[in-house]
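Accompanying notes for the structure given below.
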Amino acid sequence: MDCVENARLQSKVLIESLPYLRQFHGETVVIKYGGHAMKDEALKKAFALNVALLKLVGINPVIVHGGGPQIGKMLEQLNIQSHFREGLRVTDDATMDVVEMVLVGKVNKEIVNQMNLAGAKAVGLSGKDGMLIRARKMEMVISKEAQAPEIIDLGKVGEVMGVNTTLLRSLERDGFVPVIAPVGVDDNGETYNINADAVAGAVAAALKAKRLLLLTDVAGILDHDKKLIRSVNMREAVNLFSDGTLTGGMIPKVKCCLEALEEGVEKAMIIDGRTENCILLELLTDKGVGTEIVSDRAAQAACNCVLR
């Protein structure tokens, strides 16, 4: 491709993005950052540049990040045993100390540094800062057919009870990009490890964000033939639970999306974080790079049976 043809292609891409830039100008977009996109150096740099560009054109990104592999690596180095129940890390006091150290002290600051180098004014936060994420201990009960319900003690695993939107709005107005580590605190000062998808969904709901984006290590929601499902409404998404389409880690991600939509978020996207510039491709182009779940008020009642 010669220089002129390349310039024409670039101009076409810019024109295609114009209606989306208008649509999202001044709006909040919450992005859950995790998976391979946090490990590959090229993807890390692209992510930071994507976020910086969004802020530059008047869109307000709020980032919530994970860090499971980094936590696991540090626990192994410290010879602290760790195990999972129902996909959640059982978190005793020693594990909680490591979780907070890794997420807040290391991973969060690395992301903030990368974004600042890209030109964004990023500010690192945990749920403790300004009581940003109020939490409580998660209660988990597993019911199996013909068996008594099993109560699982996950230790210091929490669930979100409230979000300090005043703090986040203040940072947005002053031109900052909040970068949130998924550590919460209760009214007694107890610290909790919270699933990053759940925090992202709760933040999006509290801010009434225009979009919620969850970066994953798959193309999006796949059907039984392993083909990408590009768009579903809430009712269709609920049906994916009952027909067996959703399995493993995709189940809590879709639940998180539905909860956010139920609280007023317009669309939630599960996108392929392995694709360079996936955020810009999803938000500012016609096709996108994942699965969108669209708010459907008529379907909200059907969601209650899945979410509660």
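Including glycine, each Cβ sits where the backbone N, Cα and C put it.
Because the structure is a prediction, the values reported are computed rather than measured.
Listed in Swiss-Prot for this protein:
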{"type": "BINDING", "residues": "Gly67, Gly68, Arg89, Asn193", "note": "substrate binding site"}
{"type": "SITE", "residues": "Lys32", "note": "site 'Transition state stabilizer'"}
{"type": "SITE", "residues": "Lys253", "note": "site 'Transition state stabilizer'"}
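Closest to Lys253 (site 'Transition state stabilizer') by Cα-Cα distance, out of the recorded positions Lys32, Gly68, Arg89, Asn193, is Lys32. Of the chain residues outside the substrate site list Gly67, Gly68, Arg89, Asn193, Gly66, Ile71, Gly72, Thr91, Val99, Leu103, Pro182, Ala196 have their Cβ within 8 Å of the site's Cβ mean position. Across the fold, the C-alpha of Gly68 (substrate binding site) and the C-alpha of Lys32 (site 'Transition state stabilizer') stand 13 Å from each other. Each of the recorded sites Lys32, Lys253 was scored by the other Cβ atoms within 10 Å of its Cβ; the lowest score goes to Lys253.
Sorting the binding-site residues Gly67, Gly68 by the number of other Cβ atoms within 10 Å puts Gly67 first. For the substrate site, whose annotated binding residues are Gly67, Gly68, Arg89, Asn193, the maximal Cα to Cα separation is 12 Å. Asn193 (substrate binding site) is surrounded by 26 other CB atoms, counting those within 10 A of its CB over all protein chains shown. In this structure, Lys32 (site 'Transition state stabilizer') is part of a beta strand by DSSP. Here Lys32 (site 'Transition state stabilizer') is positioned 11 angstrom away from Gly67 (substrate binding site), judged by their C-alpha atoms. Annotation note: Gly68 (substrate binding site) sits in a helical segment as assigned by DSSP. When Cβ atoms from all protein chains are considered, those within 10 Å of Arg89 (substrate binding site) total 21, not counting its own.
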